[in-house]
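Novice: Take a look at the following structure, please.
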Amino acid sequence: MNAPLCGIWLWLPLLLTWLTPEVSSSWWYMRATSGSSRVMCDNVPGLVSRQRQLCHRHPDVMRAIGLGVAEWTAECQHQFRQHRWNCNTLDRDHSLFGRVLLRSSRESAFVYAISSAGVVFAITRACSQGELKSCSCDPKKKGTAKDSKGTFDWGGCSDNIDYGIKFARAFVDAKERKGKDARALMNLHNNRAGRKAVKRFLKQECKCHGVSGSCTLRTCWLAMADFRKTGSYLWRKYNGAIQVVMNQDGTGFTVANKRFKKPTKNDLVYFENSPDYCIRDREAGSLGTAGRVCNLTSRGMDSCEVMCCGRGYDTSRVTRMTKCECKFHWCCAVRCQDCLEALDVHTCKAPKNADWTTPT
């Protein structure tokens with residue numbers, strides 16, 4: 001056998017594992033599952049044994065995770081609201097996002113990161129609110145400590161983010177750890193980046209005690225920031241995501257383009273370029289942009305030129321109720337009238353050969 005053919009056969013097993021698609025986070029479907037914990041644990045498709053075990057042992061945590069799915073999917077949709085792919089979910093699909101995440105793309109990287117972050121956030125918040133039997137406020141934040149402003153006492157309820165991260169890692173990563181392929185490694189990396197993003201915005205809040213509000217004594221606690229901060233941070237990481245390829249031994253990544261830096265644990269990584277999401281494509285999981293609202297005056301991703309992929313747009317005149325003629329009344333209220341406002345709404349045309357024009 002000649003040398004080129006030898007090289008092909010050496011790389012074939014790695015290539016096959018690299019291209020094997022699998023959307024593994026079927027726990028996302030917990031948002032749509034109701035009933036008792038046993039019903040939920042037994043009916044969410046695709047959970048591995050470790051995940052079902054945790055589900056049965058910690059039904060209260062699973063409820064928190066299920067409620068959190070709606071929160072992080074809403075955040076995903078907010079971040080992608082001006083993007084051709086707008087993080088749309090499919091109600092009857094256990095993968096929640098359909099075939100679009102079969103591709104190891106930037107979008108997949110973001111969804112795995114934001115979902116992992118969402119689990120940390122939901123569990124940690126539930127701990128602080130006393131909703132979980134297995135955790136409460138951070139037990140390590142006790143006694144006296146110092147910061148740049150001086151001495152303070154730990155008090156209140158510090159968010160127990162270490163517990164949230166630990167449980168999220170055990171539950172979310174369980175299925176990926178059973179896999180040895182490149183996609184599993186990619187998902188694990190992005191899951192970790194999502195968890196780290198939540199902790200990045202943990203902030204110290206304090207309350208002053210003393211005469212006339214003087215700060216002779218301070219009580220402080222650690223609190224998570226609003227989840228929007230995590231979402232916006234991961235959105236920036238999405239825009240700077242690093243394309244990688246597998247090492248020859250299949251144990252890690254190297255950058256696809258040697259001009260770029262090696263990804264850190266905070267970066268998002270992906271293997272495959274994204275489709276353009278312009279047209280409906282069942283194989284790619286793209287719903288296209290036909291019927292999407294676009295911004296005629298924008299020069300960004302939401303512009304009619306970019307959003308509609310050069311196909312043009314339709315314009316319709318609509319009316320909406322707005323507040324007008326607002327006046328300040330002493331003291332202390334602003335009173336407005338309800339007025340009808342007419343405005344033009346621009347929506348992307350469908351491809352000429354398309355049979356589907358429903359908005360996405």
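Cβ coordinates are placed from backbone N, Cα and C, and glycine is handled just like the others.
These numbers come from a predicted model, not from an experiment.
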Novice: Swiss-Prot pairs Cys326 with one of Cys309, Cys332, Cys336, Cys339 in a disulfide bond, so which one is it?
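Specialist: Answer per the record: Cys336.
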Novice: Going by the disulfide annotation in Swiss-Prot, which one of Cys309, Cys324, Cys331 is bonded to Cys278?
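Specialist: Record-based pairing for Cys278: Cys309.
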Novice: Pick from Cys127, Cys137: the cysteine that Swiss-Prot pairs with Cys135 in a disulfide bond.
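Specialist: Going by Swiss-Prot, Cys135 is disulfide-bonded to Cys127.
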Novice: Quick one: which of these recorded positions, Cys127, Asn295, Cys336, have their CA within 10 A of Cys137 (disulfide bond)?
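Specialist: Those near Cys137 (disulfide bond) - Cα within 10 Å - are Cys127, in sequence order.
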Novice: I'd like the number of other C-beta atoms within 10 A of the C-beta of Cys87 (disulfide bond), please.
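Specialist: Neighbour count, Cβ to Cβ under the 10 Å cut-off: 21.
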Novice: Out of Cys87, Cys324, Cys331, Cys336, point to the one nearest Ser212 (O-palmitoleoyl serine) in space (Cα versus Cα); all of them are disulfide-bonded residues in the record.
Specialist: Cys331
Novice: Report the same-chain neighbours of Cys348 (disulfide bond): residues 6+ apart in sequence with Cβ closer than 8 Å to its Cβ, ordered by sequence.
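Specialist: Set apart from Cys348 (disulfide bond) by at least 6 residues yet with Cβ under 8 Å, we have Thr289, Ala290, Gly291, Arg292, Cys294, Cys304, Met307, Cys308, Cys309, Arg311, Gly312, Tyr313, Asp314.
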Novice: Work out the three-state DSSP category of Cys332 (disulfide bond).
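Specialist: Note: Cys332 (disulfide bond) is coil by DSSP, not helix or strand.
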Novice: Rounded to an integer, what is the Cα-Cα distance in Å between Cys336 (disulfide bond) and Cys324 (disulfide bond)?
Specialist: 6
Novice: Please identify, from the disulfide-bonded residues Cys127, Cys215, Cys220, Cys324, Cys331, the residue with the sparsest Cβ neighbourhood, meaning fewest other Cβ atoms within 10 angstroms.
Specialist: Cys331
